[in-house]
Amino acid sequence: EMSLSSTRSSDSTSRRRKTAEQSQGERIMFLVCVMLVAAGASRHVCEESWEEIQSKRTIRVENEVEANKLVNNYRFGFRKWKSHVTARPFEERSDVVKELYSELNVIKPHSGHFITCGNLAYVLLFGWWISLAYFLVGILMFITVIGLPYGKLCWKLCCYFLWPFGNTIHEVLLLLSLFSVLCCEEAPDCECSLETVEDSSSVLLPSATEGPAPEVPERPPRAPYWHRLSTYIWLLLGFPPLAVVHSLVCFVSWILVFTIPVAKMSAQTVGVILLLPPEDHQGYETRALLCCYHAANWYYYKYTVDGINVFAVNLLPIVIVALVVGYIDRENQFASSDVKFATAISSIIPLSYYIGMGIASIAAQSNFAVGAVVNATFGSITELTFYITALLRGHRAANPCLQEVVKAALTGTLLGCILFIPGICMIIGGLKHSEQRFNSRSAGVSSALLFISVGGVFAPTLFSKAYGNLVCDACTNATGGNGSSNASGPFVCHNCHYDLKNGTLFRDHIQPLVYTVSALLPTAYIIGLIFTLKTHSHIYNIHIEKFGCHPSYLISLTGTVVHWSRWRSLLILIAATVLTSACADLATEHIQPILNQPNVSQYFIGVTVLAMIPEIPEIVNGIQFALQNNISLRSLEVGSCIAVQVCMLQIPILVFFNAFCDVGFVLLFSDQHLWASIFSVILVNYIFMDGKSDYFQGTALVVVYLILLALYYFAPSPSGC
């Protein structure tokens, strides 16, 4: 509680400092404007200077690698990444973060209450059945007679694990030997000795208190630990069931993330406490082995393992489960196709995280050219793997529905990146910050590229509708006749579509147009990279401020401790790409039962599930940036960057892949995809015209996105599916 309050006070102090600096900057800018106007300058010049000051962003970094990563976040064509790619000095972390990584063998001053929601949840979820396990094992040890000391230990641990908060398990230290001790009372004033020796035994005694040091009694004669029959009785009958119980508790509490202290407590118990002898001695110096005050901490969402967020670590077993179940159970004896599809598509989430971490690590440790190549190569690898796998499977099975699902997923990614991701980030950021600003000049570049990309992708569709012949499969007139030329009256036609395959329009006109557009779009993308990264990089107006007082963390590339080296990042990228291909293959193999659902349109499945699940890491990153009042990284830079990559890289790659390996992919979209995309691009550019954002504008984007999803949900499935 004390560390939490101190952290909050430090955060509020930093916010007040930033507010004061901003107010001082505004006053200085006001004086400059007054001087410019007095000198005869126009008000327009003053307003431009003010906008330039407002758009300028100062980045504080610990080292050169982090500086490169943060600068890459503002560069067009680079994947935005929030997490650190280098190890941060532990001394510079906040008290809340230090608490997350602290061991449970330190007795700390605690002034709060132990009766909290997390501690009560521990008793309901874990405490009662851990205590029951110790009680039953204690009875078993009493029955063996030889294991009587371990039976007493189990019954005392039974009471301890029912409510361990504020109670401490101690280790007793003799002048010449080491003992174990259990204290079932609070021990805030316990003096801990750090002496260790070779011989060891264990005792159970209450917490040590301040006062004169007790006289060390004579050590009772005992056989060595591994020379006792009771040790082997315990290791054969008592330790295994308790190890299973604590392993299960450790696994479940780790998966829940916020109860990681319970996982640490169980691991410490199995690895240390249960392997110490249980003798009972009194009057020795003690050292804490296990001391827990809270079973849950809501800040554990920040916890990382080797730089990897704990949620990504916990989701990694889903990949293994998906591959094992998908490739071993071919006959669906143990899992249905729905379950296999759900696990396969869910496994793409952690793989997308690892791909993003690898891209950010390589780009931060390399120059901008290497970073641009890596981002262009691996930035869209997750989506492309799924699309190509689906097209190949649909072509082999002669199933045109998968091609329509791929087009729906492409459109869904486009809509989600320019509507939902910026919208939800603006809502969450706007609730914390009343108004957020971003660089309007860089947003203008992204908007121009977005217009070019969407116009180029949908140009063949507009061309086909302008010059194609509308053909209907079944037409009847009001009198019930067929569609012959002799029939008269109004006609009712079904399954109407533009006939492109039977004539020369597609072969001589539309197909060359598709190839031309697919060649021009990557060219425009490369020109955009050169413009934003080299010739006009100043439009981002970023100032790097380096800080770091720890001697082992110098502001240099050689003195920086990175989580993943370049070679390690490359290997992880390749492995994650291979696993993504396998999971995409399983997802497309078992997607047909999902597509056959009569109440859900196949358009809706493609636009939502297949399009947005790979973008979940981007959504999480966006929310974190927005909460830090860094909306520019989310409003246009990321949303537009992904949308532009979809149109300028992913779709041309699919077109040229179809040219070399005919899978039936035709760059012609339905009317709903066409008008939804064009309307979304116009709306986004209108909202971001003034360089400001708030929660109302974010709500408008999200509402429009939900309306479009409703259109897809109620739309009929594609013809022939």
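Glycine is treated like the rest: Cβ placed from N, Cα and C.
According to TrEMBL, the compositional bias 'Low complexity' annotation covers 1-12.
Annotated region 'Disordered' per TrEMBL: 1-22, in sequence order.
What TrEMBL lists as domain 'Inner membrane component' is 117-167.
Annotation comment: TrEMBL describes 128-148 (among others) as transmembrane segment. Same-chain residues lying 6 or more positions outside the transmembrane segment (128-148) and placing a CB less than 8 Å from one of its CB atoms are 154-155, 157-159, 161-162, 229-230, 233-234, 237-238, 241-242, 245-246, 249.
When Cβ-Cβ distances below 8 Å are used as the criterion, the transmembrane segment (232-258) is approached by residues 118, 125-126, 129-130, 133-134, 137, 140-141, 144, 146-147, 150, 154, 266-267, 269-270, 274-275, 296-298, 300-301, 303, 310-311, 314 of the same chain, each at least six residues removed from its ends. Residues annotated as transmembrane segment in TrEMBL: 232-258 (among others).
Beyond the ends of the transmembrane segment (308-327), by six or more residues, the same chain brings 83, 254-255, 257, 260, 300-301, 334-335, 339-340, 343-344, 346-347, 349-351, 353-354, 357, 563, 579, 582-583, 586, 589-590 to within a C-beta distance below 8 angstroms of the stretch. TrEMBL lists 308-327 (among others) with the feature transmembrane segment.
What TrEMBL records for 339-356 (among others) is transmembrane segment.
Feature annotation from TrEMBL assigns domain 'Sodium/calcium exchanger membrane region' to 341-457 (among others).
Taken from TrEMBL, the feature transmembrane segment applies to 368-388 (among others). For the transmembrane segment (368-388), same-chain residues at least 6 beyond its ends with a Cβ under 8 Å from one of its own Cβ atoms are 68, 72, 75, 77-79, 348, 351-352, 355, 358-359, 362, 406, 409-410, 413, 525, 529, 533, 573, 577, 580-581, 584, 587-588, 610, 614, 645-646, 649-650, 653-654, 657.
The transmembrane segment annotation in TrEMBL covers 408-431 (among others). Remote same-chain partners of the transmembrane segment (408-431), defined as residues 6 or more beyond its termini with a Cβ less than 8 Å from a stretch Cβ, comprise 383, 386-387, 450, 454, 602-608, 610-612, 615, 618-619, 622-623, 625-627, 629, 631, 634-636, 638-640, 642-643, 646-647, 650-651, 669, 673, 676-677, 680-681, 683-684, 693-702, 704-705, 708, 712.
Away from its own ends, the transmembrane segment (443-463) comes close to residues 76, 414, 418, 509-510, 513-514, 517, 520-521, 524-525, 528, 531-532, 539, 632, 635-637, 640-641, 643-644, 646-648, 651, 667-669, 674, 677-678, 681, 684-685, 688, 691 of its chain (Cβ-Cβ under 8 Å, at least six residues beyond either end). The transmembrane segment annotation in TrEMBL covers 443-463 (among others).
According to TrEMBL, the feature domain 'Sodium/calcium exchanger membrane region' maps to 569-712 (among others). According to DSSP, the domain 'Sodium/calcium exchanger membrane region' (569-712) comprises 118 helix, 2 strand, 24 coil.
For 570-588 (among others), the entry in TrEMBL reads transmembrane segment. Listed as Cβ neighbours of the transmembrane segment (570-588) (distance under 8 Å, sequence separation of 6 or more from its ends, same chain) are residues 319, 322-323, 326-327, 340-341, 344-345, 347-348, 351-352, 354-355, 357-359, 362, 378, 381-382, 385-386, 389-390, 393-394, 402, 564.
Per TrEMBL, transmembrane segment is recorded for 600-617 (among others).
As annotated by TrEMBL, transmembrane segment applies to 638-660 (among others).
Packing against the transmembrane segment (672-688) from elsewhere in the chain are residues 407-408, 411, 414-415, 418-419, 422, 438, 440, 443, 447, 450-451, 454, 457-458, 461-462, 603, 635-636, 639, 697, 700-701, 704, 708, 711-712, 715: each is 6 or more residues past its ends and has a CB under 8 Å from a CB in it. The transmembrane segment annotation in TrEMBL covers 672-688 (among others).
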Cβ-Cβ under 8 Å with the transmembrane segment (695-715): same-chain residues at least 6 beyond its ends: 408, 415-416, 419-420, 422-427, 429-431, 600-601, 603-604, 607-608, 672, 676, 680, 683-684, 687
Distal contacts, the transmembrane segment (638-660) - CB-CB under 8 A, six or more residues away: 76-80, 376, 379-380, 383-384, 387-388, 391, 406, 410, 413-414, 417-418, 421-422, 443, 446-447, 449-450, 453-454, 456-457, 514-515, 517-519, 521-522, 524-525, 528, 615, 618, 621-622, 667, 684
Number of helical, extended and coil residues in the domain 'Inner membrane component' (117-167), per DSSP: 43 helix, 1 strand, 7 coil
Helix-strand-coil residue split for the domain 'Sodium/calcium exchanger membrane region' (341-457), DSSP-based: 100 helix, 2 strand, 15 coil
